[in-house]
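One structure is given below, encoded as structure tokens.
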Amino acid sequence: MGLLERLRKEWFIVGIILVIAAAKLEPTVGVKGGPLKPEITITYIAVSAIFFNSGLSLKTEELTNALMHVKLHLFVQLFTLVFFPTAIWLFLQVLSLTPINEWLLKGLQTVSCMPPPVSSAVILTKAVGGNEAAAIFNSAFGSFLGIVVTPLLLLLFLGSSSSVPFTSIFSQLFMTVVVPLIIGQIVRRYIKDWLERKKPPFGAISSCVLLMIIYTTFCDTFSNPNIDLDTFSLVVIVFIIFFIQLAFMLLTFLFSTSKNSGFTPADTVAIVFCSTHKSLTLGIPMLKIVFVGYEHLSLISVPLLIYHPAQILLGSVLVPTIKSWMLSRQKALKLTRQPKIPL
């Protein structure tokens with residue numbers, strides 16, 4: 001495979017590197033109040049576009065069937081909002097004995113308390129060909145659940161309390177997730193034949209929107225003068241984040257593929273991504289609300305800012321491997337279910 005062909009195939013990873021570099025060179029473009037106006041273009045337009053796109057591309061019957069998959073939804077929500085933060089808290093009891101910056105460690109705990117993302121898990125599940133409808137439901141449901149659960153978890157593990165405006169966050173999520181999804185489904189009914197004939201690149205469109213989200217996030221990071229990190233702590237945190245993601249992806253994979261799990265290979269794909277991914281678009285505003293007035297807010301935010309692109313990068317790299325496994329597993333299951341021809 002030639003270099004250009006390889007770059008074309010891995011364009012999303014290349015895009016992540018380029019947008020981070022662009023944010024580093026000129027962060028003022030994508031900061032809040034800057035020319036791109038991310039407080040509008042990202043918070044409302046970008047997230048709405050991702051879910052309108054999903055509503056347009058998803059068959060209604062697939063979305064309806066996903067609502068009934070209670071066992072899968074229960075697994076994902078319990079893993080991401082109960083097991084994840086508890087396991088990280090235990091892990092941090094050991095890490096607190098090391099010279100790693102204590103505020104970065106607190107940041108790791110805040111990452112664990114976040115709900116599933118409203119975009120990346122859906123996009124990666126779609127890229128693999130997994131149960132996209134289940135991923136969408138868990139992303140939306142997890143986000144709404146996170147409005148109440150995440151502040152309570154932060155209070156439990158970090159002792160931070162604040163009057164969180166549940167109503168405004170809930171209404172914002174409803175307008176940017178549920179409404180665009182429904183509108184997308186309605187529009188699909190009228191242009192269904194055209195969509196099936198033309199097959200628009202829905203996955204690529206969502207990925208481009210996600211690159212914009214990453215760009216503005218890093219613009220905020222690089223333009224913040226309060227972030228003062230020692231190289232050792234930063235490198236160790238990056239390593240720990242990748243370790244956590246790989247370990248939890250493997251754990252959810254083993255659980256969901258166990259003999260009596262009852263999950264299909266497509267379900268496993270949605271479970272692996274939805275259970276281990278954490279929301280940045282909901283997480284950063286939530287941290288700003290819960291940790292209002294904290295001088296170390298920027299340091300606490302760093303692990304989440306690293307975790308978000310790391311989960312996309314790692315997920316993108318693993319897409320071909322997971323897709324290959326899913327297809328081979330589906331083929332094997334299909335063969336075992338075929339009736340044997342009597343001799």
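In case you wondered, yes, glycine gets a Cβ from its N, Cα and C as well.
Topology note: D230 and H296 share a membrane side (same topological domain name in Swiss-Prot). For the topological domain 'Cytoplasmic' (185-201), the DSSP-based tally of helix, strand and coil residues reads 14 helix, 0 strand, 3 coil.
Remote same-chain partners of the topological domain 'Extracellular' (93-116), defined as residues 6 or more beyond its termini with a Cβ less than 8 Å from a stretch Cβ, comprise 76, 80-81, 84-85, 87, 138-139, 142-143, 145-146, 149-150, 153-154, 157-158, 229-230, 232-234, 236-237, 240-241, 244, 274-275, 277-279, 282-283, 286-287, 296, 299-304, 307. At the 8 Å Cβ threshold, with sequence separation of at least 6, the transmembrane segment (235-255) comes into contact with the transmembrane segment (72-92) through 3 or more pairs.
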